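To start, the structure itself, in C-alpha cells.
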C-alpha cells in the first residue's frame, strides 16, 4: 500500500510497518514504553523515545497540525497541544525525552494502529508508538522525533538499566531514595563520604505532573534531572 511518498504494510499483529520512504527501504522498530532490549543490530540506527529507525523524524513544534493514517485508510487530523514523557533502553543506552502529543478520545484511538505513519502536510514526520490514558475518554498520542525546541531529551549509558519508581505524595527525591523533605538533606550529606567505587544506578521517579531522573554511585547522587510528566506507561509493566 502507498500514501504520499511511503509504502507500508500491515503485519500479522495488526500493526503498520513502513517499508519504503522515497523508494528507499526503511527500518522502523517500535518499542513498548520503558522497554529494555539487547540487540546490537539496532545500534546502527537513529533512536528517539519509543522507536529505533533508519528515518530521521524531524523536529516539530507545539500546536502543529498533523495527520495520522487510520485503519480504514483515511487521514485523521489532530493538533499537538500537550506533552508527555517516554523512554526506552537499547543495549544499555537510555533514550528519553518529553514529546509533543495530541489528545484523542476512545473512538479515535480505536481507529489507530501502532506503527501508523504521521504526517505534517504530506511529509512523514513520525509513527504512532503508544497511547497513554489520562481520562475516561481521553488519551495522549505522543509524537516522537527530534526534540521539540521547548522540551528536554537526552541519552546516557546505563550499565545496570533504569529502575522506575512511583513518586509518593509528600516525598522528596535524592539519589536512589525518596524521603520526607525534612530528612532528605541529612541523607544527602551522609552520602558525601561514601566510597566512589560503589555500583552505578539510574532511577526514574514519576508522578502525573513531573519526572525525576537520578544517576548515582551507591546512594550518592551524581546527576538529578527534572522534567514535566506524565510518564507514558505500558499496559504490561507495573511500576511500583
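Glycine is no exception: its Cβ is also placed from the backbone N, Cα and C atoms.
As annotated by Swiss-Prot, active site, proton donor applies to 46. The site 'Substrate binding' annotation in Swiss-Prot covers 93, 146, 226. The active site, shared with catalytic histidine of dimeric partner annotation in Swiss-Prot covers 181 and is backed by sequence analysis. Taken from Swiss-Prot, the feature active site, proton acceptor applies to 185.
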So how many other Cβ atoms are close to residue 146 (site 'Substrate binding'), meaning within 10 Å of its Cβ?
16
Applying a 10 Å Cβ distance cut-off over all chains shown, what neighbour count does residue 46 (active site, proton donor) have?
14
Give the number of CB atoms, excluding that of residue 181 (active site, shared with catalytic histidine of dimeric partner) itself, located within 10 Å of its CB.
9
How long is the line from the C-alpha of residue 226 (site 'Substrate binding') to the C-alpha of residue 181 (active site, shared with catalytic histidine of dimeric partner), rounded to the nearest angstrom?
17
Write out the long-range same-chain contacts of residue 185 (active site, proton acceptor), meaning residues 6 or more apart in sequence whose Cβ is under 8 Å from its Cβ.
none
Nearest by Cα to residue 146 (site 'Substrate binding'), of the recorded positions 46, 93, 181, is 46
